[in-house]
Amino acid sequence: MSPSFQSVLDRIATEIAATPGRGRLADYIPVLASADPWRFGMAVAELDGTVYGVGDWQHPFSTQSITKVFTLALCLSREGEELWEHVGREPSGNPFNSLVQLEYEAGIPRNPFINAGALVVTDRLQTLTGDAAGTLRTFLRAESGNDRLGFNEQVATSEAAHSDRNAALAHFMASYGNITNPVPDLLDQYIRQCSLEASCADLARAAGFLARHGILADGSSLLTRSRAKQINAVMLTCGTYDAAGDFAHRVGLPGKSGVGGGIIAVVPGRCTLCVWSPGLDERGNSVAGVAALDRFTTLTGLSVF
Ligand code: GLN
């Protein structure tokens, strides 16, 4: 099947190019609004790290919330089950930056992939490592094989100037004792984390451990098979926020999106994918990205169902 990955990607790129409408750019982080909505790239990585790609698949973009998968894996591997006492694993059915459920659930966010949950995970990773964003960058460089992968200071500065909502989430959870580090320090780590730039090729490779049941690129183990399965399950149910049901219906794979227009997806035991196109739908997921993954699973028959 592997040689046909390239022809599937080529076909998808041709179809996407012929499709009008790309959605809207994220403009609440002003720098992201200057992206070109017509850019499109897609990559598939096999379990051994062999990558196939099309379009802008080697072009670095702002990873944003895609990083939430990797910080979750890094935190879970160090902390284990105790993490789940501080963050839930239920879909929120609300926008990714929503505050509303936190009061009803005593400062415990619904899941690690909405902003509130990711702030809790980054806070705990910061306490465990002393440098959450740096630990994440080291991990992504090692797993992608790209030593140049790094933070975009312009994106970080732009988000920092517009971080009132995330500050509110963090302070609110801190009032329940669910944030340990000083909120300004946590926001700094979280914003740096979100500012990491990587290409589709980088992210498809770096997510490989989720298709290899927790095994890293060098053959060592980050997560038990059971924990890798848990992360994939939370991606499927929560990875695309209040569109997770629609994404599961259309794509049928665990996936995680970011407002930079990227989405990663996992076919456990087979391959990992990353697609990027900056135009978003109203829920914050890439319009062309979801369409491309929808076509991929339809054309290949690869799905968890
Ligand atoms: N940095 C963004 C934020 O905190 C990430 C959101 C996203 O990609 N959905 O709002």
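Counting starts with 1 at the first residue shown.
Keep in mind that glycine also has a Cβ here, set from the backbone N, Cα and C atoms.
Please treat TrEMBL annotations as automatic predictions, because they have not gone through curation.
Annotated in TrEMBL:
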- SER65, ASN115, GLU159, ASN166, TYR190, TYR241, VAL259: substrate binding site (BINDING)
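The 6 Å Cβ screen around ligand 1 retains SER65, ASN115, ASN166 from the binding-site residues SER65, ASN115, ASN166, TYR190, TYR241, ordered by sequence position. With SER65, ASN115, GLU159, ASN166, TYR190, TYR241, VAL259 listed as the residues that bind substrate, the site has a largest C-alpha separation of 20 Å. The Cβ of TYR190 (substrate binding site) lies under 8 Å from the Cβ of ALA118, LEU119, THR122, ALA132, ALA133, ASN166, each of which sits 6+ residues away along the same chain.
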